[in-house]
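Asker: Quick one: the structure is below, and I'll ask about it shortly.
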Amino acid sequence: MTVATSASTAVPSDSRQRVATFLKDLQDQICQGLEAADGGAQFQEDTWQRPEGGGGRSRVMKNGQLLEQGGVNFSEVWGEQLPPSILAQRPEAAGYGFYATGTSMVLHPRNPYVPTVHLNYRYFEAGPVWWFGGGADLTPYYPFAEDAKHFHQVHQAACDRHHREYYPVFKRWCDEYFYLKHRGETRGVGGIFFDYQDGSDRELYRGPNPDGEAARYSQRVGSIGSRSWEDLFAFIQSCGQAFLEAYLPIVERRRHLTYGDRERQFQLYRRGRYVEFNLVYDRGTIFGLQTNGRTESILMSLPPLVRWEYGYTPEPNSREAELYSTFLKPQDWVNWPV
């Protein structure tokens with residue numbers, strides 16, 4: 001049985017159950033892979049209920065050999081009142097109750113040579129309106145081009161299994177989304193990011209910046225035709241299941257590199273950018289706070305230790321300076337020579 005929608009596509013009657021089951025399985029898969037990589041610490045699970053409807057399970061690892069702190073969350077919430085952040089983007093959802101489910105993850109490694117990483121995949125329904133969103137992005141503290149290239153190549157391969165224009169559009173969208181306007185720099189080397197993918201016969205880019213590189217590229221591509229709910233569900237499954245392949249080889253290359261106080265202090269300083277982005281710009285944080293989500297779970301993305309320094313500038317010709325000059329601006333990482 002299927003339910004017709006305004007996007008001239010059809011949603012299976014068991015859509016919510018199927019997506020939630022996949023996202024919980026993804027949480028399990030990622031946690032098991034990270035526990036095996038850490039070799040000692042385990043995730044502690046905290047289940048919670050939302051009074052207005054729904055709940056979730058938060059899993060956090062602290063003080064591991066690999067992770068100083070990391071969290072992998074699953075949530076499934078519903079309610080009658082749509083948050084303003086959703087209505088601003090999809091006003092046609094007004095007047096309907098909503099359902100939202102997602103798995104989100106942020107890992108803050110101990111060694112400054114191991115990059116921080118973020119993942120989120122989600123699904124939303126409100127009456128006739130539905131869409132998938134998500135992505136994954138990498139935030140290194142020290143510049144290793146082969147790591148950025150590997151992370152992008154794995155996600156490009158996952159995208160290409162479904163459409164060859166997914167990666168070029170969603171890579172540009174990621175560069176645009178994870179950008180700190182007040183700092184004039186990207187959060188890291190990016191990855192993929194997409195939202196409002198509902199299968200309608202429209203351009204792939206559906207973000208807020210019609211003049212950006214993502215929009216311009218998407219306009220050149222034009223419509224790729226309508227896609228079914230099943231097509232898009234298969235796509236986010238491929239992306240989610242690509243994460244461990246994209247991240248763990250980087251971890252193994254960097255986790256045993258020797259570092260000192262200089263590298264640690266720079267890591268803590270750069271973590272400040274993560275805090276700034278998540279509290280000022282991040283759509284998931286804003287949505288969670290507007291829908292009375294669980295604050296501890298929403299703010300799980302923040303690092304355990306961080307510092308700010310007035311007027312910091314990296315030493316010329318240093319590895320830190322290379323991060324700023326090359327790794328905090330959009331690059332064609334898939335084709336980067338290494």
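Heads up, the Cβ atoms here are built off N, Cα and C, so glycines get one too.
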Asker: Name the residue range among 130-165, 274-309 that Swiss-Prot annotates as region 'Important for dimerization'.
Answerer: 274-309
Asker: Which one, Ser85, Ser104, is listed by Swiss-Prot in the same substrate site as Asn120, Tyr121, Arg122?
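Answerer: So, going by the record in Swiss-Prot, that would be Ser104.
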Asker: Per DSSP, how many helix, strand and coil residues does the region 'Important for dimerization' (274-309) have?
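Answerer: Looking at the region 'Important for dimerization' (274-309) with DSSP, the answer is 22 helix, 0 strand, 14 coil.
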Asker: Note down the number of other Cβ atoms within 10 Å of the Cβ of His182 (divalent metal cation binding site), including every protein chain shown.
Answerer: 9
Asker: Validating a neighbour-count step here. Other CB atoms within 10 A of the CB of Tyr121 (substrate binding site): how many?
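Answerer: So the number of other Cβ atoms within 10 Å of Tyr121 (substrate binding site) is 25.
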Asker: Near Asn120 (substrate binding site), which residues of its own chain have a C-beta under 8 A away, given they sit six or more steps off in sequence?
Answerer: Gly102, Thr103, Ser104, Met105, Gly133, Gly134, Gly135, Ala136, Gly284
Asker: Average the pLDDT scores across the region 'Important for dimerization' (274-309) and report the rounded value.
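Answerer: Summarising the region 'Important for dimerization' (274-309) by its mean pLDDT gives 89.
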Asker: Could you state, as a whole number of Å, the largest distance between Cα atoms of any two of Ser104, Asn120, Tyr121, Arg122, the listed substrate binders?
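Answerer: Spelled out: the longest distance between any two Cα atoms in Ser104, Asn120, Tyr121, Arg122 is 8 Å.
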Asker: If I restrict to non-local contacts, at least six residues apart, and a C-beta distance under 8 angstroms, what lies near Arg122 (substrate binding site) in its own chain?
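Answerer: In sequence order, Ala100, Thr101, Gly102, Thr103, Ser104, Phe132, Gly133, Gly134, Gly284 meet the Cβ cut-off.
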